[in-house]
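Novice: Questions regarding the structure given below will be posed in turn.
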Amino acid sequence: MSFYAVLTVKVFITPIITCAKVIDSGPLTAPPLDSCLFMRLWTFQVSQLRRFSDSQRQALLDARQQVTTSTVLYLLGTTSSLPLYRNANDRMSGSSSLSAAEKAATNTSPRISYRDLMLNHGYFDSNILSHAYDGSGTDEDPFLIGWIDHDPRNPLRFRDRRKWLWTLLVALATMAVALTTSDYTAPAKEIKEALHVSQEVFELGLSVFVLGFAVGPLFWGPLSELYGRQIIFAGTFAALTAFNVGCALAPNVKGLIIMRFLAGTFGSSPLTNAGGVVADIWPARQRGLALVAFSSAPLFGPILGPIVGGFIGQNCGWRWVEGFLAILSGTLFLLVTFIVPETYGPLLLKRRAQALSISTGKGYVSKLDKDKQYITLSAKLKVALTRPWLMLFREPIVLVLTLYLALLYGTLYMFFGAFPIVYQEYRGWSEQIGGLSFIGQAVGIVLGICYMFPETHRYHKIVDRHAETPESRLPPAMVGSIAIPIGIFWFAWSNAPSVPWIVSIIAQAPFGFGFVLVYISVQEYLVDAYTIYAASVLAANTVFRSAFGAIFPLFTNYMYRNLGSHGPARENIRRQALVFGASGLAGWAVVDQLMENYPTQGTFSKVTALVNRSLNIEESYWPTPSPSRPELELVSSIDLTEGTVEELTASLKKKVPDIANVTHMFYFAYKYDPDPEKETQLARSMLERAIGALNHLSPQLEFVVFPTGTKAYGVHIPGGVFPPPYTESMRLPELEARKMFYYALQDELTSQSQLKQWTWCEVRPDIIIGFVPHGAFVNLAGHWATYLSTYALLSGRGARIHYPGTLAAYNALFTPISATTLARFSIWASLHPSVTGGGQLFNIADREQPTRMREVWPAVAGYFGLEGVGPVDEGDEERVMLPGDYIKANRRVLEERTGRKATEVFQVGYVDALGLFLTFDRQMSLEKARGVGWVEEREPGKAWGEAFERFRRAGVIPG
C-alpha cells in the first residue's frame, strides 16, 4: 500500500499543489520557465498554440512529449528530471544549450544529489546532455558517450576522502565474511556437545562455508557485470544475514551445515565485487595502497574470528556467536547499501546511454558497448565456468602459482582446526584464551602489511622509469616464500605441552608475515600478466584456493590423532602414570590395564599407584611386575582429605622421588559424605590439593582423567529427569546441579588448567562391574558375588533365586560397563588429547546396545549354579530378602563353613536399592566416544564372569 500511496502523491497530488502555487501571469512567451514548466506543459490548452509561431509551437509539443518521458524516468528513479526541464525550456526559447556562464559554473563545481548518486544509475545533467559526442545520433551512427571532463558521476573523480570511506566499508564487508569462516571454530567443544557430533562432522561446518567461496564467485562476477556491484552486494549480503540467523537457530547439525554452505555461497560476493569497487574508484597509480589495505581484510578476518568467537562463545553460548555474525553482516549490509553507490563504469555509461536515448529520442551508446553485441547471462556464465579452467590448465604459470596459493590457503585453514586441538584440547585452554592463540598470526599479518608500503613506493619508482614488468611485483613473494616454511617448522617443533606456550605463538608470526607477501604479490602479478583475462585467472585461483581451504580442515583431526601434535618424535617420550585412588573399583582397573601393557607394550614406562589405606603389592592382585611390563610403584597413606596443597606437595615429593616425570594423571579418589554440600566441598578440596601439587611437581604433565557417573543425569531422582538415550549435553537443572559435586570438579579442573601445558577429560559410566580385593563404595559385582555364593552354599546348586528388585527395574534398559572398559577408555583418551582433551565429557559403556537385568540376571545366577528368575509378583506372599540383609543374617554361617569373610561394601543399602528405584530406561549414547575413534566393545555378561572369577582367585568367594 505504501508504494501506491507514494505513486499517487507523485503523479496526482504534487502537480495539483504545484499548480496552485504557480500564478500564470501571462502568455507563455518569456523564458525561463523552470519552476513551473512541468505544470504548464501538462495544463496548457491546445487552443493556446495559436499564440506561438510555428517553430515555438513545435518546440512546445516536443517539450511536452519530452517531459512526459522524463516524468516516467523520474518516477522510475532512472534519471534526473530537472536537467530535462531546463533543456525543454531552452528548446522552447530556441536555445540549444546553457549559457557560457552557466556552463562555467557547472564545470568548476559539478554536484550530484545523494538520491541520484545512490539510485539514478543513468544520471546526466545539462553539461552531459549538451556535450559534443562523436556520432550523429541515429540508430546507424549513435552518439558515443564516455566520461566527460568534470563528470559528476565518474567513479574515479570523487574526492579521496569519500573513496577511502567506500574502500573501508567494502574491506570491512570482506573481512566480516572471512571472519564468519573461522568464528565458528571457537566454540568447538560447545557445538559438538550441543549437537552431538564428532570432530569430523564439526569441521565439515567450516569446510562447507569455504566451499561456498568456490561456488559463489562463479556467479556473482558475471552477474555484477550485468547488474552492477551495488545490487549484487545488497542481495547477497541480505541473504548472508538471513542464513547467519538460520545458523543461530539451527535445530540440528544438518541445518547448521546447510545454512553455513548457503551463507558461504552468498557471502562470497565481496571476494569478487569488493575488489572491483576498489579498481573502479582508484586510478592505477593510487590503487596500490588501496589494494594493500583491501587485500589485508580477508586475511585479518579469519584471524580475528576465533578471538571474537572465543569470548562470545564462552560467555553467551555458541548460538550467540552465530547471532553476532548475523548482526555484523546486517549492519554492514545497511552501511554499504546506503553509503556505497554503484561504481561499475561500463554499467553506468550503459544506463546513461539508455536514459539519454529515451529522453531525447536520439541514439546513444556507450563507447565500451559500440562494437559489442548484447551478451546474455547464460553466455557470461558459460564463459565464467569454462575460461578459468582453460587458463588454469593451459598456462603453466597460472597452474603453478594457483597451486602454491591454494596450498598456503589450505594450510591457513588447517590452523583453524589445529589451534583448538593444540591449545584448547591439548593444553586445556578455555574458548576465550584459546581464541587468543591466533594473535601470533595477526602480528605477522600486520608486519607483512607494513612491509608492503615501502614495496609499493619501490614499484612506483619502477613505473616512473617505464621499466615495470609483471615480474616487478614478485620480490615480496620471494621474501614471503622463505618466511612461511620457517614459521611452519617452528610451530611444529614447539607446540608440545612441555614447551612454553609463548614459543609456538611467536612461531606463527613468520607464517602470517610470509602469507601476506605471497598472497598480495602473486595476485598483483597475475593481474598484470594477464590483463584482460585477469578476471578468469583470478576466478580459477579463487576456486582452487577455496577448495583447498575446504578440504584441509577435514583431515586435520586425523593427522593430529595419528601423528601427534609435533610428529613421530612423540613415540620416544617416556610416559609415566600417576593413579590417585588406586585401591578403588575404577582406580584398581586403571593400574591393572596399565600393567597389562594396554594399549601396547612400552606405552608407559612406569605406573605409580597412590592409596590412602595400607596396602602391599602382594595384596593388590595386580599383574606381577616384569621386564616386559611398566615399573610399578605402590605408595600408601596418601590422604587427600586433610592438609594443604603445600603439605601434599612435600609428601608426594618425598614418597615419589621421580614425580617430576609424571605425564598422565588418573584421578579416581573419592570419599562419601551423606550431606551433599559437605560432599561437594570435600571433593573439590581433594582435587584442588592433588592438582595443585602436580602443577608444582610435574612439569611434564600432559593429561588428567577423572570419572563421574549417571547421577549427573538424575538417575537418583525417582522417575529420572531426561528421556533416554542420555547425551553429554544434558545438564541437571541448577537446583539439582548444586547438590552434585561433579560440576564442582569440572569447574576446578577448568580453572586449574588455564594456561597450563596439560588438558583433561571426564568419563561418565553407569553401573561399573569389576573386581577390587578390598572394600569399595559401590561394588555391585562384589556384593552379588558374596550374596549368590552364600545362597548357593545354603540352598544348594540348582536352586531358584529371584531378582532382588521390582519388575520395572528388571525390564528397564541400561548400559553397564566393566571396570576394564572404563580403564581402557581412560587410558586411550589420555593418549589422544587432540580429540578428547579440553575438558570434554564422554559417556562410556561396554557397548552401545543397551541391555536389561532380565537378560543379565539368569547368567549372573548361573555362574554360581543357581537358576535366576524374575522378581516376585506384586502381592505375592513370598518375599525376597535383599542381598544386604541376607548376607548380614548368614555372615556367621559363611565364615564357619568357608572361613572367609563377606566382601566389605560401603553403603550396602544404596547398592541394594538399585533394583528398587532404577525402574526407568536410562541407556546412554556412545555417539561422541565413537566419533573420536573409540571402537572397542565387550559383551556385558563377560564383565560379570570376569569379575566373579577374580573374586574366586583372590579367595573372596568359595572356589
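Glycine too: its Cβ is placed from the backbone N, Cα and C atoms.
So TrEMBL says this about it:
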- 166-599: domain 'Major facilitator superfamily (MFS) profile' (DOMAIN)
- 1-19: signal peptide (SIGNAL)
- 164-181: transmembrane segment (TRANSMEM)
- 201-220: transmembrane segment (TRANSMEM)
- 232-251: transmembrane segment (TRANSMEM)
- 257-282: transmembrane segment (TRANSMEM)
- 289-312: transmembrane segment (TRANSMEM)
- 324-344: transmembrane segment (TRANSMEM)
- 397-421: transmembrane segment (TRANSMEM)
- 433-453: transmembrane segment (TRANSMEM)
- 474-493: transmembrane segment (TRANSMEM)
- 499-520: transmembrane segment (TRANSMEM)
- 532-555: transmembrane segment (TRANSMEM)
Novice: Would the transmembrane segment (257-282) count as touching the transmembrane segment (164-181), i.e. at least 3 C-beta pairs under 8 angstroms with sequence separation of 6+?
Specialist: yes
Novice: Six or more residues out from either end of the transmembrane segment (397-421), which same-chain residues have a Cβ under 8 Å from its Cβ atoms?
Specialist: 181-182, 185-186, 188-189, 203, 206, 210, 302, 305-306, 391, 434, 437-438, 441, 484, 488, 508, 511, 515, 518-519, 522, 525-526, 529-530, 537, 540-541, 544-553, 556-557, 560, 565, 834-835, 837-838
Novice: What parts of the chain pack near the transmembrane segment (474-493), using Cβ distances under 8 Å and only residues at least 6 beyond its ends?
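Specialist: Those are 408, 411, 444, 448, 451-452, 455, 458, 504, 506-518, 520-522, 525, 566-567, in sequence order.
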Novice: Does the transmembrane segment (257-282) reach the transmembrane segment (201-220) with at least 3 CB pairs under 8 A, where each pair is 6 or more residues apart?
Specialist: yes
Novice: For the transmembrane segment (289-312), could you work out the same-chain residues 6 or more beyond its ends whose Cβ comes under 8 Å from its Cβ atoms?
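Specialist: Contacts of the transmembrane segment (289-312) (Cβ under 8 Å, skipping residues fewer than 6 from its ends): 163-164, 167-168, 170-172, 174-187, 271, 274-275, 278, 282, 320-321, 324, 412-413, 416, 419-420, 430-439, 441-442, 445, 449, 452-453, 456, 512, 515-516, 519-520, 523-524.
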Novice: Can you name the far-off residues of the same chain, 6+ from the ends of the transmembrane segment (201-220), with a Cβ under 8 Å from a Cβ of it?
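Specialist: Those are 180-182, 184-185, 188, 191-192, 232, 236, 253, 256-257, 260-269, 271-273, 381, 384-385, 413, 416-417, 539, 542-547, 549-551, 553-554, 556-557, 931, in sequence order.
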Novice: On average, what pLDDT score does this prediction assign to the domain 'Major facilitator superfamily (MFS) profile' (166-599)?
Specialist: 83
Novice: Grab the same-chain neighbours of the transmembrane segment (433-453) for me: Cβ-Cβ under 8 Å, and only residues 6 or more beyond its ends, written as numbers and ranges.
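Specialist: Contacts of the transmembrane segment (433-453) (Cβ under 8 Å, skipping residues fewer than 6 from its ends): 186, 289, 292-293, 296, 299-300, 303-304, 306-311, 415, 419-420, 422-424, 476, 479-480, 487, 504-517, 520, 754-755.
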Novice: The transmembrane segment (324-344): which same-chain residues, six or more beyond its ends, come within Cβ distance under 8 Å?
Specialist: 117-118, 121, 155, 165-166, 169-170, 172-173, 176-177, 179-180, 183, 224-225, 228-231, 233-234, 237-238, 240-241, 244-245, 247-248, 267, 276-277, 280-281, 308, 312
